[in-house]
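Everything below concerns the one structure shown next.
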Amino acid sequence: MEKTMDKIVQVAKARGFVYPGSEIYGGLANTWDYGNLGVELKNNVKRAWWKKFIQENPYNVGVDCAILMNPQTWVASGHLGGFSDPLMDCKECHERFRADKIIEDFAQDNGIELETSVDGWTNEQMVDFIKEHNVPCPSCGKHNFTDIRQFNLMFKTFQGVTEDAKNTVYLRPETAQGIFVNFKNVQRTSRKKIPFGIGQVGKSFRNEITPGNFTFRTREFEQMELEFFCEPGTDLEWFKYWRGFCRDWLISLGIKEDEMRLRDHDPAELAFYSKGTTDIEFLFPFGWGELWGIADRTDYDLGRHQEVSGQDLTYFDDQKNEKYLPYVIEPSLGADRVVLAFLCAAYDEEDIGTPEKPDVRTVFHFHPALAPVKIGVLPLSKKLNESAEKVFAQLSKTYNCEYDDRGTIGKRYRRQDEIGTPFCVTYDFDSEEDHCVTVRDRDTMEQERIAIDELDAYFAKKFEF
């Protein structure tokens, strides 16, 4: 079975995971809406992150910061001055592209192994490569580009009734800065001592020129970020700790070790704030792509905000009787990207037929904790609806369940397989007498008979991780 993005996207759209944005108006380039199943899957992923990184973690607390911030925030963070992409236009078809992405795609398509990441190249190095290899325009195939120029990725808007410079604000390009400006507030009210972390889940916006690959790269996206504050000199130890913690979280939810890799950034490609960065990458059908960036941001952010705001952001260590600016380890995960990774990892086409009767089952093997629908409740006949609905009402108090009484039982099982439902409960005519139901396991397709009054206990630990 060849796992392709086309197959996954087709099922995702057909079953209600993801729809094209603004579809009845012809859409808006690279915007996507999460459907009835997609929103459940994404919420489950966010809950799983929050559970392990915030709720169960003794070091960390959470916040939810505003998307719009004082513009001085972005002066201090460096985003207004240095947050840009290298762009070039094709003089023939007038399409605009990111120079680094043109080079990466060309190298991949032509089997060229790049010695270093293009992220660390200068504009001159990119131009030289494009000329040396006669890289064509991805749109028209010609070889006539403009010079490379930098394009700021921040979305600009205006606050108030007049659109002038003093009312300019920006949609945040990352959630991290809201955490940094609230460092002292959170430390004071939570009474946390170093080391401790502040986590946040929220929307960010980047005016990407070449988004693509379904929901992998979009202009509006959601992040799950942790800023972990530690004593200078202990940052390498904590960097390794969180790198392993993030990797283990993915494995615990069903990502296989051979589907991901850890890639350290070359010194030339490091972000301006980073002492060291490791990306956790996932092998999508279209190739390797970053899921998680774990960065040692040192004291860059707190130092810059202290300088620009004039506020003291140092931490007083009462055990050592000294003040210092904490270093920061940042594990930053894209919610949309990791949802796509879970979709890709879980998708399967299983040959369950015989030579005489071929049969292929499409199934999403989601970890039960992530599955959009936990239990499908299926009456064998509509004559049994009244009793089956009572079972549904009982289970749906605890789990997100789906009730389906249309079609043959075999087709209903297949529908639940195709949306990744881990368990199906079938209420049949025997249930009227023995007060039991048949529970079918999605992955093994095995069935067992369980008493209705024991269902809560049966499912109690099925969805833990």
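One is the number of the first residue shown, and numbering goes on along the chain from there.
Each residue, glycine too, has its Cβ placed from N, Cα and C.
Taken from Swiss-Prot, the feature substrate binding site covers ARG98, GLU174, PHE221, GLU222, GLN223, MET224, GLU225, GLU330, PRO331, SER332, LEU333, GLY334, and the record attributes it to sequence analysis. Annotation source Swiss-Prot lists ATP binding site at 206-208, 216-221, 290-291, 334-337, citing sequence analysis.
Features as recorded by Swiss-Prot, highlighted on the structure.
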residue: ARG206; record: ATP binding site; Cβ contacts under 8 Å, 6 or more apart: LEU153, MET154, PHE155, PRO173, ARG219, PHE221
residue: GLU208; record: ATP binding site; Cβ contacts under 8 Å, 6 or more apart: ASP85, LEU153, ARG217, THR218, ARG219
residue: GLU225; record: substrate binding site; Cβ contacts under 8 Å, 6 or more apart: GLU174, THR175, ALA176, ILE179, GLY199, GLN200, VAL201, GLU330, PRO331, SER332, LEU333
residue: LEU291; record: ATP binding site; Cβ contacts under 8 Å, 6 or more apart: LEU250, MET260, ASP279, ILE280, GLU281, PHE282, LEU333, GLY334, ARG337, VAL338, ALA341
residue: ALA335; record: ATP binding site; Cβ contacts under 8 Å, 6 or more apart: LYS42, VAL45, LYS46, TRP49, VAL201, PHE221, GLU222, GLN223, MET224
Neighbouring C-beta atoms (10 Å sphere around the C-beta of ARG219 (ATP binding site)): 18
Neighbour-count leader, CB within 10 A, binding-site residues: ARG217, ARG337: ARG337
Secondary structure of LEU291 (ATP binding site) (DSSP, helix/strand/coil): strand
ARG337 (ATP binding site): secondary structure state under DSSP, collapsed to three categories: helix
Site with most surrounding Cβ atoms, counting all protein chains shown within 10 Å, from the binding-site residues PHE221, PRO331: PRO331
Winner by Cβ contact number (other Cβ atoms within 10 Å) across the binding-site residues ARG98, GLN223, LEU333: LEU333
